[in-house]
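Visitor: My questions will all concern the structure given below.
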Amino acid sequence: MLPFAPQDEPWDREMEVFSGGGASSGEVNGLKMVDEPMEEGEADSCHDEGVVKEIPITHHVKEGYEKADPAQFELLKVLGQGSFGKVFLVRKKTGPDAGQLYAMKVLKKASLKVRDRVRTKMERDILVEVNHPFIVKLHYAFQTEGKLYLILDFLRGGDVFTRLSKEVLFTEEDVKFYLAELALALDHLHQLGIVYRDLKPENILLDEIGHIKLTDFGLSKESVDQEKKAYSFCGTVEYMAPEVVNRRGHSQSADWWSYGVLMFEMLTGTLPFQGKDRNETMNMILKAKLGMPQFLSAEAQSLLRMLFKRNPANRLGSEGVEEIKRHLFFANIDWDKLYKREVQPPFKPASGKPDDTFCFDPEFTAKTPKDSPGLPASANAHQLFKGFSFVATSIAEEYKITPITSANVLPIVQINGNAAQFGEVYELKEDIGVGSYSVCKRCIHATTNMEFAVKIIDKSKRDPSEEIEILMRYGQHPNIITLKDVFDDGRYVYLVTDLMKGGELLDRILKQKCFSEREASDILYVISKTVDYLHCQGVVHRDLKPSNILYMDESASADSIRICDFGFAKQLRGENGLLLTPCYTANFVAPEVLMQQGYDAACDIWSLGVLFYTMLAGYTPFANGPNDTPEEILLRIGNGKFSLSGGNWDNISDGAKDLLSHMLHMDPHQRYTAEQILKHSWITHRDQLPNDQPKRNDVSHVVKGAMVATYSALTHKTFQPVLEPVAASSLAQRRSMKKRTSTGL
């Protein structure tokens with residue numbers, strides 16, 4: 001089934017729900033909708049919030065472990081802010097986990113109502129008990145006279161709400177992954193006797209790989225067993241189950257209704273029950289029929305119907321998570337692999353080095369982190385939070401981290417603000433390379449004296465946002481250059497990366513008098529594996545010339561190879577500018593878009609073929625030297641003729657020649673993909689390749705000049721796309737719209 005067409009701002013749209021007796025159908029915003037006849041639960045009028053009696057606090061601090069205090073944490077950035085507290089990115093300064101990054105939730109006691117104080121204590125108690133791969137972990141909890149502190153996992157991926165509303169188109173298969181992980185997380189809480197009660201996208205975070213982490217337990221309630229019910233009125237109204245709205249008492253089954261709301265929203269971009277105000281929304285939850293989008297698969301519609309049962313006893317999940325797991329919608333989920341985090345997530349967040357906050361709202365991250373002392377609370381406040389402090393039992397064993405020193409502390413990436421200028425942090429040195437839109441220089445970090453490279457891009461000539469995002473998202477791959485810092489002074493953008501001290505790959509190869517097939521195969525394997533990774537993620541490099549493949553260090557080992565300079569790289573996007581997941585690409589993208597993407601990917605492979613040829617032959621396939629004219633080179637490329645005989649070729653294996661001929665095939669559709677390269681016997685059996693090294697003449701300067709001439713000719717021939725300013729994209733325009741307020745802090 002074709003997924004829901006994305007709107008400009010799907011989270012803010014309201015879905016009309018048809019009223020009246022019997023089933024009916026119609027269209028909402030051009031989409032076919034069918035009213036679902038829904039069973040009637042016990043309707044009751046909606047009440048205002050009153051005084052709620054919460055359960056007593058019974059947990060106490062674990063003894064025998066070092067207690068934490070605010071002085072042990074270095075404030076780095078503000079991640080979020082609410083009416084009674086902030087969430088900071090912090091770095092631990094002492095102890096066995098020195099250098100580790102955490103999220104620190106700081107709550108002012110004086111600002112908390114009694115209800116909120118008990119919820120905060122409850123959140124701490126619940127987190128102490130919980131240990132699950134898809135639930136955020138509490139590492140420390142402590143208090144001062146005026147504040148409460150929760151030290152939690154720092155999840156670099158941000159929240160699912162941000163990802164969904166701003167960047168990505170998901171398919172049913174993608175949504176299924178998140179829902180399956182979420183089902184396991186909810187089940188774990190339910191087995192502990194905990195009702196979550198506040199399930200919404202803002203409370204589902206992503207780690208740097210893309211797995212979920214459920215967070216924010218301030219509204220959760222522990223119950224003794226399944227028969228016990230809670231009666232408090234809490235949660236985000238659009239996600240409330242009918243029994244929560246009418247206050248007839250609710251149990252863990254209420255979470256599965258909210259789970260259905262989340263599923264509906266992730267699949268359609270709209271909420272199933274949303275009125276013009278709070279009261280109308282609650283009345284719709286109690287009485288309205290569900291408008292079921294007909295573009296959803298039969299399995300998805302079936303699961304939604306079974307989750308949206310107003311009688312909690314009839315709701316799927318009321319008898320436990322196995323009911324959910326057995327539903328046909330999840331038929332292809334391997335639950336054991338999923339729990340072990342062995343299933344690849346559909347989307348990798350754009351998070352570079354460990355302390356990046358790229359996925360968090362710049363409204364907060366641009367602020368200077370400051371934890372004010374906080375007014376003392378009332379005299380009995382400390383008594384209320386007695387036993388609040390906690391230290392995770394495994395803290396010493398879990399972190400085998402080198403204590404932090406000035407040598408390994410680097411500044412925080414300046415993506416979302418100009419807290420520091422480039423010149424204040426780094427000292428510029430000599431040029432490394434000069435291009436049409438940028439210059440690359442060596443630089444030295446002022447504090448640590450460490451060497452880096454900086455690419456300085458003129459914003460008036462090129463929009464660097466796509467390059468930055470790609471490096472943020474994929475720069476943690478071992479063979480892709482790592483982005484360390486980003487600065488923007490208005491005219492120029494400074495991209496600080498590792499300094500490639502080993503130099504260009506081709507230079508190192510040409511300087512060797514001898515070079516074996518086994519060495520060439522090792523190098524081609526590493527590069528092809530990296531390119532395959534990028535292509536599988538919908539990223540094409542489009543400028544994979546030898547000067548952009550370098551060695552990280554002087555060892556010149558294959559593992560130290562890095563693909564650099566993503567200035568021409570592109571991520572696959574829909575017409576509205578949203579990123580497309582690999583699943584979306586495979587199923588729903590227009591053929592002409594895929595053809596362009598396939599053409600770009602084939603160009604990457606052709607470039608690898610030119611490099612491969614030169615590694616084996618000691619000269620380039622289409623240019624004889626630096627003085628060849630562009631017309632001569634392009635004519636040879638156009639004819640697709642290159643020699644595989646004479647000279648060194650007489651000593652090269654047939655397997656190498658076969659692979660090379662497929663990589664340099666004239667027809668992009670018949671040219672090998674990176675995946676096919678990796679499956680070729682010359683790569684898979686590279687340990688059996690000859691290790692003898694045919695001697696070559698030292699003509700490295702001629703070969704290098706010929707290579708430069710080849711790519712210069714291609715540049716003359718090929719029209720390079722002019723990128724519009726990022727502000728002109730639909731994605732940027734959507735981001736500038738008024739954001740929906742989060743209550744998740």
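The count begins at 1 with the first shown residue.
Cβ coordinates come from backbone N, Cα and C, glycine included.
Pasting the feature list from Swiss-Prot:
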type: BINDING; residues: 79-87, Lys105, 432-440, Lys455; note: ATP binding site
type: ACT_SITE; residues: Asp198; note: active site, proton acceptor
type: MOD_RES; residues: Ser232; note: phosphoserine
type: DOMAIN; residues: 331-400; note: domain 'AGC-kinase C-terminal'
type: MOD_RES; residues: Ser372; note: phosphoserine
type: MOD_RES; residues: Ser389; note: phosphoserine
type: DOMAIN; residues: 426-683; note: domain 'Protein kinase 2'
type: ACT_SITE; residues: Asp543; note: active site, proton acceptor
type: MOD_RES; residues: Thr581; note: phosphothreonine
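Please situate the listed features within the shown structure.
Guide: The Cβ of Cys440 (ATP binding site) lies under 8 Å from the Cβ of Asp431, Ile432, Gly433, Val434, Ala453, Val454, Lys455, Ile456, each of these being in the same chain and 6 or more residues away along the sequence. DSSP assigns Cys440 (ATP binding site) to a strand.
Note: Asp543 (active site, proton acceptor) has non-local neighbours Asp565, Gly567, Phe568, Ala569, i.e. same-chain residues 6+ apart with C-beta under 8 A of its own C-beta.
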Visitor: Check the domain 'Protein kinase 2' (426-683) for me and report the mean pLDDT.
Guide: 85
Visitor: Using DSSP with the three-state reduction, classify Asp543 (active site, proton acceptor) as helix, strand or coil.
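Guide: It is coil.
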Visitor: By the count of other Cβ atoms within 10 Å, pick out the sparsest of the binding-site residues Lys105, Val434.
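Guide: The binding-site residues Lys105, Val434 were compared, and Val434 has the fewest Cβ atoms within 10 Å.
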Visitor: For the binding-site residues Leu79, Tyr437, which one has the sparsest Cβ surroundings, going by other Cβ atoms within 10 Å?
Guide: Tyr437
